[in-house]
């Protein structure tokens, strides 16, 4: 009896040691795993950041992966032009050449088959080139803040010959500029500085935000993306609400949420290149009537940054780490993410009492 009990005790002790080792190993693994949550409104550049992580830390896009983006890029180009043509009537803009009205009819007749096949036929290419070159269409494009048009429109429409070629294979820049609405939750894992990162991208549309709560558990850091150039634009969802106002409200709710008291908060003030171009034409007062500064990139960017940082109601205990970014610029994102990682590591060490 005593011998049997001793044997059972030894086995229990062995099991206990195995469990302890497993728990220590799991604890160390969790310390080495960084869960990054990408948040922000639609069109703020979150999905482009995910693509950049794949390029910088996961080997990029091989030939087959590049080919898979061709139908999306074709769709983006066609969709951009059809949006411009539809907006002509609403903005009361006429074609410079009346013959383009027939091309517009042809555009809508030919786009369905082209989108389903993922290719632009020579006939459709001719139609698209003539429409895009028309001064009336260009005037409509210059007023794109009055309707919904993606940032990549001019990039693709200025290069129709290349993307319509039968042997077209998307470049990395083509892929970075492609736009596909994120629905659901997209996870991307990669290793950097001996840490495993799990980056979680959640759709930014209002209808998608109810899913965010499912991602909050165990978050190490939040990267909140802001569309700097969206200060004169309205939401897709209601065509009434300012995109910048929506972004500020959303950031306020995240920054001051009790879930994230010990979570590093990083602010990506994105699309700085588009802000620099737009601010010369459209004043910041269209969004911030109280703004008294010059309509220069430097002053406007700092003013917008301050609007977000001032929402932090816990400045003594919570710091916001702000960076101006261009999500389509790989070198910029690589530099910024390196700095972000150092901040996350330092804050993690403080949190577990090792720093």
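Cβ atoms are placed via backbone N, Cα and C, with glycine included.
If you look up Swiss-Prot, you'll see 1-14 marked as compositional bias 'Basic and acidic residues'.
Per Swiss-Prot, the feature N-myristoyl glycine maps to 2; the stated evidence is similarity to another entry.
Marked as S-palmitoyl cysteine by Swiss-Prot on the basis of similarity to another entry: 3.
Beyond its flanks by at least six residues, the region 'G1 motif' (35-48) meets 150-151, 176, 180-182, 186, 197-205, 212, 215-216, 218-227, 230, 235-236, 243, 246-247, 250, 254, 268, 270-271, 325, 327-328, 344 of its own chain at Cβ-Cβ distances under 8 Å. The annotation region 'G1 motif' is assigned in Swiss-Prot to 35-48.
For residue 179 (ADP-ribosylarginine), the same-chain residues 6+ apart in sequence whose C-beta sits under 8 angstroms from its C-beta are 76, 150, 151, 152. The ADP-ribosylarginine annotation in Swiss-Prot covers 179.
If you look up Swiss-Prot, you'll see 266-273 marked as region 'G4 motif'. Applying DSSP to the region 'G4 motif' (266-273) sorts its residues as follows: 2 helix, 5 strand, 1 coil.
With a threshold of 8 Å between CB atoms, the same-chain residues lying at least 6 positions outside the region 'G5 motif' (325-330) that come near it are 45, 48-49, 52, 55-56, 172-173, 176-177, 225, 268-273, 336. Per Swiss-Prot, the feature region 'G5 motif' maps to 325-330; the stated evidence is sequence analysis.
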Segment-level pLDDT (mean, integer) for the region 'G5 motif' (325-330): 98
